[in-house]
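Okay, so here's the structure we're looking at.
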């Protein structure tokens with residue numbers, strides 16, 4: 001990579017230019033230049049790169065798939081709205097060299113800030129930014145410039161003392177190890193050192209027993225504590241001598257606290273930790289709305305990039321709106337609008353290649369059928385050829401009557417794509433042939449009730465026959481047979497659904513309709529969702545692709561709460577935070593009281609809640625580290641950060657509190673404030689930490705956030721690694737907090 005590589009930069013099927021790519025000596029910057037002119041065309045930092053995709057995993061590279069094999073192709077994806085960089089290497093070996101090299105650099109960049117890592121990457125990065133005249137040295141004026149860049153408003157005398165202490169050569173400049181000393185003094189964590197010395201008898205090291213005491217008393221680790229202490233020393237102690245003596249230095253202690261083990265997010269819950277053998281309706285499922293759109297709902301751009309990004313983000317329920325296209329080819333776009341169109345064949349090809357990258361969990365897909373039958377048959381052919389054996393088939397997954405009452409669990413549907421749509425007749429018709437079923441009438445019904453039920457059944461039978469005939473006229477049988485677990489049916493009330501709907505059916509409700517049901521029939525809604533899937537979608541008035549809060553829908557057990565993934569904000573923060581658990585598989589198991597069809601739970605009625613009573617969550621917000629500047633802020637501007645903690649859950653648990661703001665310090669602000677919350681239904685609660693730049697004359701500016709489910713909180717002294725507005729990491733920005741949970 002540092003020697004340079006000649007590769008093709010691809011922008012379209014007709015635009016393919018050769019460029020010379022090279023990793024700079026700082027291991028943080030990549031530049032590329034034209035082969036013809038030799039002029040540097042552009043450069044980007046590793047810190048701007050979100051991920052690297054191998055193969056034809058972009059719209060552009062799919063368009064040249066016949067020309068270039070996938071093993072030579074890769075895509076560099078940037079944070080924010082910056083476009084992808086699609087590249088074709090000269091060989092598969094060169095492509096792998098770049099893919100693996102970039103991924104290692106991204107992984108290194110994503111580590112929390114610790115001194116050992118700083119010495120390899122961040123020190124070099126900051127030095128180059130501050131060294132204005134590029135002479136490899138830094139004078140005091142450049143140090144002052146560095147402090148402004150790092151969001152620090154430090155007293156000039158104190159800054160000069162740090163500079164002079166580091167200037168061992170007394171040359172009036174800093175270079176090499178001198179700058180390392182200056183940076184270490186600048187990043188000294190007094191609050192962490194104080195905590196370290198509280199448990200260290202000599203103030204210089206933690207013995208194995210002292211570390212065990214800290215883990216038990218403060219981190220509330222109660223199982224295998226000695227083994228854990230040994231693992232932490234082996235993993236995070238930078239000194240070989242200290243490791244051999246089984247002790248932890250202050251640097252090693254800081255490295256542990258900044259690691260995944262020291263994060264607020266329980267590391268055991270990052271893996272697949274929940275029971276995946278329950279029926280589908282017992283899970284919340286990460287779901288997107290109009291997945292193909294990457295902008296607004298009226299004139300926005302449709303792209304397979306929408307599917308790729310949603311899948312990479314852990315989404316497991318996608319929307320594919322199919323309509324007639326030219327020459328009978330099905331097209332995907334937002335019908336009756338001016339959005340652009342993409343061929344259905346490109347969508348299914350993308351799903352076949354990217355659906356199982358992060359998760360093997362089943363992938364429900366929503367779709368509207370094209371009006372004419374020929375494109376419908378084309379849909380089935382294309383889907384079958386692209387998805388291979390990944391679609392559900394009647395004889396493959398429906399082998400017993402159990403399937404009519406309880407849809408198969410996620411673990412039995414791995415690597416399957418489930419289709420939601422219209423269906424001719426009922427599920428049984430697919431296996432046994434068409435036929436109408438009279439409803440069951442129990443023996444203990446009195447005569448009048450039974451007679452009325454028979455009368456209504458006769459009317460419904462007539463309506464069903466009429467609807468069945470209409471379906472047959474507009475829906476191809478082959479497409480109908482693909483719909484198994486998610487037959488789309490209209491919602492006519494909970495009583496009607498209880499009497500005549502099946503667990504293999506699903507109803508879609510607008511957010512407004514869902515809110516009315518939550519308000520008027522909260523408990524019935526929870527019971528309904530214990531045995532049948534419900535999908536919620538955004539209001540048609542949200543033409544700007546804005547979102548509603550998914551929390552109120554989760555509170556009643558709605559499984560498929562569809563959001564516009566392309567729009568950043570609190571709503572998507574909740575979605576990303578909630579589904580970041582359980583291996584990011586896109587499925588989260590509901591709490592037991594939401595899986596019981598006879599439950600009394602109503603999120604709006606505290607008297608219906610069972611359990612030991614409210615839990616007290618106490619959060620001491622201690623400090624922040626290297627908070628980013630606000631986007632588009634003036635040069636030299638320094639933020640005044642405050643921290644707001646928000647609780648989302650049942651109405652009684654909704655709350656927020658915030659700290660005071662710290663003037664002119666985004667580098668290492670100290671708050672030392674305690675916030676306390678009462679949480680009545682912790683099983684449904686989400687906690688969102690938000691950092692803002694205080695502004696007394698206008699709305700505060702967003703700096704960073706982190707959201708997680710209450711169930712995933714790890715108590716003790718913890719770091720919270722902040723995310724940007726679009727949900728990407730912004731290392732080394734973090735908060736340091738102390739968490740206590742009591743009953």
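Keep in mind that glycine also has a Cβ here, set from the backbone N, Cα and C atoms.
Bear in mind that TrEMBL entries carry predicted annotations, made automatically and left uncurated.
Among the features that TrEMBL reports, domain 'PH' is placed at 1-107. The domain 'EF-hand' annotation in TrEMBL covers 118-153, 154-189. What TrEMBL records for 355-371, 383-403 is compositional bias 'Polar residues'. Residues annotated as region 'Disordered' in TrEMBL: 355-409, 427-468. Annotation source TrEMBL lists compositional bias 'Acidic residues' at 430-451. Annotation source TrEMBL lists domain 'C2' at 595-724.
Across the domain 'EF-hand' (154-189), the DSSP tally of helix, strand and coil residues reads 21 helix, 2 strand, 13 coil. Per-residue pLDDT, averaged over the domain 'EF-hand' (154-189), rounds to 83.
Taken through DSSP, the domain 'PH' (1-107) splits into 27 helix, 42 strand, 38 coil.
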